[in-house]
């Protein structure tokens, strides 16, 4: 299989698996709609997902990659929908809006910069790619707090195995896609994503949980 054929295959499989991963937010959104309350659920994954997808969407248009553009268009729409549902069912709507506003303003500033302040496309690609990669790395690094909990209590009960396995699969596909494009802004964050997901998966073998939930 040539690189072009591999690229096309990865474009299809990575797109599908990524969109499916984005759609897992529907479970949380559905819970909120049913109970008409946000409960203990956090809005952080929704605003982070919207910010990340929006930046990668802009990056995809800059490098003229239809795969990255399409996937993140869907992702931005889904996460914005989840965030809207969350805010509309929260008892402290004003407080949450105050918290998410800085992230939205940051996104608007980045977009304004790319469209109106800088004319050199290569410079814009570099800056948007750098920012998008940094946010993705921060997103992947978030589970580190849970890793410390797992190691301390020798229990993986706080780790969602299906989500971690899916994240590993998605990161691995985008890592290969980034290698084909020779794009460090895609390969670097997804390398970290693969590594962290792999480490978390290994913890399920190091600290296995029996079927009745005991060690």
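A Cβ is built for glycine as well, from the same backbone N, Cα and C atoms used for every other residue.
A Cβ distance under 8 Å defines the sequence-distant neighbours of the transmembrane segment (12-30), meaning residues of its chain 6+ beyond its ends; these are 41, 45-46, 49, 53, 67, 70-71, 74-75, 78-79, 81-82, 85-86, 163, 166-167, 169-170, 173-174, 177. Feature annotation from TrEMBL assigns transmembrane segment to 12-30 (among others).
According to TrEMBL, the feature transmembrane segment maps to 42-61 (among others). For the transmembrane segment (42-61), the list of distant contacts is 22, 25, 28, 67-73, 75-76, 78-80, 82-83, 86-87, 90, 96, 100, 103, 106-107, 110-111, 114, 125, 128-129, 131-132, 135-136, 139, 185: same-chain residues at least six beyond its ends, Cβ to Cβ under 8 Å.
Nonlocal intrachain contacts for the transmembrane segment (67-88), taken as residues 6+ away from its ends with a CB within less than 8 angstroms of a stretch CB, comprise 11, 14-15, 18-19, 22-23, 25-26, 28-29, 32-33, 38, 41, 43, 46-47, 49-50, 52-54, 56-57, 59-61, 96-97, 100, 177. Feature annotation from TrEMBL assigns transmembrane segment to 67-88 (among others).
Summarising the annotation, TrEMBL assigns transmembrane segment to 100-117 (among others).
Non-local neighbours of the transmembrane segment (123-144) in the same chain are 48, 51-52, 55-56, 58-59, 62-63, 110, 113-114, 159, 171, 183, 185, 188-190, 192-193, 196, 200; each lies 6+ residues outside the stretch with a CB under 8 Å from one of its CB atoms. The transmembrane segment annotation in TrEMBL covers 123-144 (among others).
Residues or ranges marked as transmembrane segment by TrEMBL: 156-180 (among others).
As annotated by TrEMBL, transmembrane segment applies to 186-207 (among others).
Taking Cβ pairs closer than 8 Å, the transmembrane segment (156-180) reaches residues 3, 6-7, 10-11, 13-14, 17-18, 20-21, 24, 67, 140, 143, 146, 149-150, 186-187, 190-191, 193-194, 197-198, 200-201, 203-204, 207-209, 213 in its own chain, all 6 or more past its ends.
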